[in-house]
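Okay, so here's the structure we're looking at.
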Amino acid sequence: MGHFTFTGLCLLAMFLSLRGAECYTCPIDWLPKNGLCYKVFSNPNTWLDAELFCRKFKPGCRLASLHRDADSADLAEYISDYLKVDGSVWIGLNDPQKKRTWVWSDRSSSNYFSWNQGEPNNSKNKEYCVHLWAPTGYLKWNDAPCESLHPFLCQCKY
């Protein structure tokens, strides 16, 4: 009886530890944050190509959605540490209807915005996508033409 109980407890412990590891293990060089994993990719892409790259990377991946100052600060530090090129970084915020109604590509909702001063300004009536602006240390947002080429930040559910 004692051997059976010991074996059962060992199997239960192994199952629980494997299950926990599977639910929230980010790959190496990804940043774990609030149940998601984030990675900055240095290869410049348009906003749409960056979004499609994230989606193809793994089911449940999109361009990153930012919902709090604390998360933005951690992600800005991560980008500064890992980005291999200079430049602003696409995030998942865009205006697909071109009516100044900003939505996240993962369809999440938020009242949080971190626009740089004077933004969004829709310069030349063609800025419908959003990047983390490099001159602000990746803390503030700027609207930009979606066809511009920038590195990008993916978020994935693991």
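Backbone N, Cα and C define each Cβ position, glycine as well.
Keep in mind that what you see is a predicted model, and the values were worked out from it rather than measured.
According to Swiss-Prot, the features are:
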type: BINDING; residues: Glu127, Asn142, Asp143; note: Ca(2+) binding site
type: DISULFID; residues: Cys26-Cys37; note: disulfide bond
type: DISULFID; residues: Cys54-Cys154; note: disulfide bond
type: DISULFID; residues: Cys61-Cys156; note: disulfide bond
type: DISULFID; residues: Cys129-Cys146; note: disulfide bond
type: DOMAIN; residues: 33-155; note: domain 'C-type lectin'
type: CARBOHYD; residues: Asn121; note: N-linked glycosylation site
type: SIGNAL; residues: 1-23; note: signal peptide
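In the shown protein chains, 21 other C-beta atoms lie within 10 A of the C-beta of Asn142 (Ca(2+) binding site). In the three-state DSSP scheme, Cys54 (disulfide bond) falls into the helix class.
For the disulfide-bonded residues Cys26, Cys37, Cys54, Cys61, Cys154, Cys156, a Cα to Cα distance of within 10 angstroms from Asn142 (Ca(2+) binding site) holds for none. Spacing of Cys156 (disulfide bond) relative to Cys37 (disulfide bond) is 5 Å (Cα to Cα, whole number). Across the residues of the domain 'C-type lectin' (33-155), the predicted structure has a mean pLDDT of 96. Less than 8 angstroms from the CB of Asp143 (Ca(2+) binding site) sit Asp95, Glu119, Pro120, Asn121, Asn122, Ser123, Glu127, Tyr128, Cys129, Val130, each of them six or more residues away in the same chain. Each residue contributes its Cα atom, and for Cys154 (disulfide bond) and Cys26 (disulfide bond) these two points are 12 Å apart. When secondary structure is read from DSSP and collapsed to three states, Asn142 (Ca(2+) binding site) falls in the strand class. The disulfide-bonded residues shown are Cys37, Cys54, Cys146; of these, the one with its CA atom nearest the CA of Cys61 (disulfide bond) is Cys54. Within the same chain, the residues at least 6 positions away from Cys146 (disulfide bond) whose Cβ sits under 8 Å from its Cβ are Thr46, Trp47, Leu48, Asn94, Tyr128, Cys129, listed in sequence order. In terms of DSSP helix, strand and coil, the domain 'C-type lectin' (33-155) has 31 helix, 37 strand, 55 coil. For the Ca(2+) site, the Cβ centre of Glu127, Asn142, Asp143 serves as reference, and the other residues of the chain with Cβ at most 8 Å from it are Glu119, Pro120, Asn121, Asn122, Ser123, Cys129, Val130, His131, Trp141, Ala144, Pro145. Taking only the Cα positions, the spacing between Cys26 (disulfide bond) and Cys54 (disulfide bond) is 15 angstrom.
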